[in-house]
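Peer 1: I'd like to ask you about the structure that follows.
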């Protein structure tokens, strides 16, 4: 049993080498390959999709964030396996791990903005003129990236203690006293951002569903098809958020406390470490699921993808072009929830 235990990357308690040096790196490798391929393809497709609507601008930002996040996985794999120079682990602690979180939370916030965008287009259509303009969306995108970098970059700068020996590197040991405090504070901030976005999406999509169902119940046209489509789109987004992000954000706070506070037992630290590692893997797997959401969420994405793959895409509701403007808004929004 002693041969299968090694010190974990974070802390002095032993961990199972089968989990930390084989299972987790192998799963990250699978996610890395799938994420690069799927997001590379998504980026290629979106290159041909004009940024004609605000939600498309937000989706393109998510593609960029997911692709950049995928590029950090090889460094985590090498660090967990203990391959390469010890400087690789230092790079993971100082740079690639921070970039991972930056891109993860950028992606989360943009999905929140998409929900906000859809809510105002469907439920509050009279207020959409400025909020849904392309220039506003691009400005908001710059603000999201800037604020996320502002919160996260100090974690790079304050991970500044020197490593003089090629020993097992522990990320928390590289942080200054201020770095430890900022690590804890930024973790709380990002967890708070996630829960705000998650609860907002529940509110937005509940209101959207009620509005769509009520509008089509009154018109009594294609109500079954609309219900199925809107339910599918809403379910796909909330499913990804719940499966990929909720477990990690439940585990994040107690794990951060176990890193920065001394009263946790070795066994507690070990359990929280495993929970954090596997829940973080679920969050990383989000880069493989987002392209599926693009397909359901964005009709221009579907059209370009099918055109590039020479697949015949069925046209739907061709006869609906004569509907009144209100019905057109509801139908379009059903395709792009």
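Glycine residues also receive a Cβ, built from the backbone N, Cα and C atoms like all the rest.
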Peer 1: Please state if residue 94 and residue 300 fall on one side of the membrane according to Swiss-Prot.
Peer 2: no
Peer 1: Under Swiss-Prot, which of the candidate ranges 139-159, 160-180 is annotated transmembrane segment?
Peer 2: 139-159
Peer 1: Tell me which of 29-49, 302-322 corresponds to the transmembrane segment entry in Swiss-Prot.
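Peer 2: Matching range for transmembrane segment: 29-49.
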Peer 1: Helix, strand, coil: count each for the residues of the topological domain 'Extracellular' (255-277), based on DSSP.
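Peer 2: So the counts come to 18 helix, 0 strand, 5 coil.
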Peer 1: Residues sitting near the transmembrane segment (139-159): Cβ under 8 Å, six or more positions beyond its termini, same chain?
Peer 2: 57-58, 61, 93-95, 98, 101-102, 105-106, 109-110, 113, 171, 174-176, 178-179, 182-183, 186, 189-190
Peer 1: Give the one range among 29-49, 96-116, 188-208, 234-254, 278-298 whose Cβ atoms make the most pairs under 8 Å with those of the transmembrane segment (55-75).
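Peer 2: Answer is 96-116, with the largest number of Cβ pairs below 8 Å.
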Peer 1: Please work out which recorded stretch in 96-116, 188-208, 234-254, 278-298 has the most C-beta pairs separated by under 8 angstroms from the transmembrane segment (29-49)?
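Peer 2: So the stretch in question is 278-298.
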Peer 1: Of 93, 171, which of the disulfide-bonded residues has the most Cβ neighbours inside 10 Å?
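Peer 2: Highest number of other Cβ atoms within 10 Å: 93.
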